[in-house]
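Participant: Once you've had a glance at the structure underneath, I'll fire off some questions.
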């Protein structure tokens, strides 16, 4: 595996693969890799000739009072995991490599990015869309892989690619979970043992939402209220966002009527925000399928 730090070096390294018509699979990450990231890597390796992973903690997507400074970083550890996973290239730029001068160009996707998690984190998804579009321009991948745990992000990236005619296939990969159901996340490392035990309320709330919906609760306000009450049973958990939405458009639904719905949760446990979601209903939604730009 070759570790690359600069944009020009990466472009030079990928040039032979492009000339030979090889397909490039790309997995953008912020590092401190876990099982979910490695599943994205596995899919990319299976479906492409060349696999590239980026590790970049993007300051544009962190708010003033968020965890940019303490976000977990361990490049040596991550490089070892990616080497074992048989990744071809690791792109690990610095902030000065990616943003040599203050950015004046921003990619934003309102209103998709201003609701749900975006309501709690203003500007977050503009930062995500900006860095992902820049990485796509640098890498020029044939396919890019994103976890469905960050479902709103996946919808936004798909829409950005469609709107901007970026020639990359966006692949959503099912959420990978710990043995007790908690979604794998780099931020789980923040949790104390007590908080980690409490965090199981998040996937349990999704189970409860599924049960209630299947039992006939099809009023979105009632379902949101029931989920909030369920989470509030755990004193260490504070539900910040509970959203029932259309899984393709993220639009609010006046009535559910048995259709597939997205249940998105943004829950604070201690100082840690945990994100999780599930699509529930009677049929698989289009968003979970691979779609070409």
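Each position is counted from 1, following the chain as shown.
Even glycines carry a Cβ here, placed using N, Cα and C.
Annotations for this protein, taken from Swiss-Prot, read as follows:
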type     : residues                     : note
BINDING  : 30-37, 147-150, 176, 184-187 : ATP binding site
ACT_SITE : 37                           : active site, proton donor
BINDING  : 61, 153                      : (R)-pantoate binding site
BINDING  : 61                           : beta-alanine binding site
Participant: When the Cα-Cα distance from residue 186 (ATP binding site) is computed for each of the recorded positions 37, 61, 153, which gives the smallest value?
Facilitator: 37
Participant: Round to a whole number and give the Cα-to-Cα distance in Å for the pair residue 61 ((R)-pantoate binding site) and residue 30 (ATP binding site).
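Facilitator: Just about 11 Å between their Cα atoms.
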Participant: Between 30, 36, which of the binding-site residues has the fewest other CB atoms within 10 angstroms in the structure shown?
Facilitator: 30
Participant: Using all protein chains shown, find which of the binding-site residues 61, 186 scores highest when you count other CB atoms within 10 A of its CB.
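Facilitator: Per the Cβ count, the most surrounded site is 61.
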Participant: For the C-alpha pair, I'd like the distance in angstrom between residue 37 (active site, proton donor) and residue 176 (ATP binding site), rounded off.
Facilitator: 9
Participant: Just jot down the residues in the same chain as residue 153 ((R)-pantoate binding site), at least 6 apart in sequence, with C-beta under 8 A of its C-beta; none if empty.
Facilitator: 125, 128, 146
Participant: Look at the binding-site residues 33, 176 and tell me which residue has the greatest number of other C-beta atoms within 10 angstroms of its C-beta.
Facilitator: 33
